[in-house]
Amino acid sequence: MSDNSKTRVVVGMSGGVDSSVTALLLKEQGYDVIGIFMKNWDDTDENGVCTATEDYKDVVAVADQIGIPYYSVNFEKEYWDRVFEYFLAEYRAGRTPNPDVMCNKEIKFKAFLDYAMTLGADYVATGHYARVVRDEDGTVHMLRGVDNGKDQTYFLSQLSQEQLQKTMFPLGHLEKPEVRKLAEEAGLSTAKKKDSTGICFIGEKNFKNFLSNYLPAQPGRMMTVDGRDMGEHAGLMYYTIGQRGGLGIGGQHGGDNAPWFVVGKDLSKNILYVGQGFYHDSLMSTSLEASQVHFTRDMPEEFTLECTAKFRYRQPDSKVTVHVKGDKAEVIFAEPQRAITPGQAVVFYDGEECLGGGLIDNAYRDGQVCQYI
């Protein structure tokens, strides 16, 4: 039996129940555990309360309860430079970014991992719902978490083999109710704490108000694809492909009473295109182009892959053929897909294994580019 006490694991602790139980399990398994709270954003709310301060109090309470040392480290500059600037640049380009994917790649498994190594860590661990399996030759495979509704491999798809080699996901074999039960049984102060939702630096704030603090809104015309003027939009950055709510045109009808959806954008003319019907023709595509394509283990420079893919979180897998060349890929769908959104992640799977992914640049309908940016 191996002596885990000689293995140091540094746990990223957010003050939530998942990372609390992660630290608890590793401590119970005999590892040398250190808890680290990452302050990535100055998130004082409208009442003057810094939610990070409240979260850190929870980390301190849990660390004291389970008997591990803890530290707080400030990654605000790294987060601003590597995640938030990217987030703003994507919106300026008419795309819809996924900051969680970039945060995992650049902060939790780069800045944090690097910091953990200075503390003598053998591994880092987080409360993500994913699994890592190690081959005899040392190769690490990332598998979906067993809790289908909580699986977070979509957000971890940009991690490298080197990052995964140093990573543990102790919750990957558990379902969320089991995690809460373990926290309650151990009397952890975070056992009943509500899960955080949404983009970490926006939290409960109004998204439009938040974004307008950093990017000037540029109102423009809202049009149907056949040229009918539907009024004014508030700024292209506030809308995403396939969006239904927030258009302000619910009472206007075309040929039928079907609801209206965002079906396209023209950044150069500042036009937002809308159409009626969930499966409007303009929302459907047959392939996409992706860049920043990356796999969790070594792959040839150029190859073709038959696998499944997700184009957004919690979406069922779809069969695809992927033609990879360097860090770019053409992804051809077995069945047409709805609302493929530039800026979002496309993530590839082989059964339970997450193979990697990329960022969507363009969607195509029978070889013609969709007007999504």
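Keep in mind that glycine also has a Cβ here, set from the backbone N, Cα and C atoms.
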Hey, Swiss-Prot has ATP bound by Gly12, Met13, Ser14, Gly15, Gly16, Val17, Asp18, Ser19, Gly127. Any idea which of Met38, Met117, Met142 it lists too?
Met38
Would you count the other C-beta atoms found within 10 angstroms of the C-beta of Cys200 (disulfide bond) for me?
18
Of the recorded positions listed here (Cys103, His128, Cys200), which is spatially closest to Gln344 (site 'Interaction with tRNA') when Cα positions are compared?
Cys103
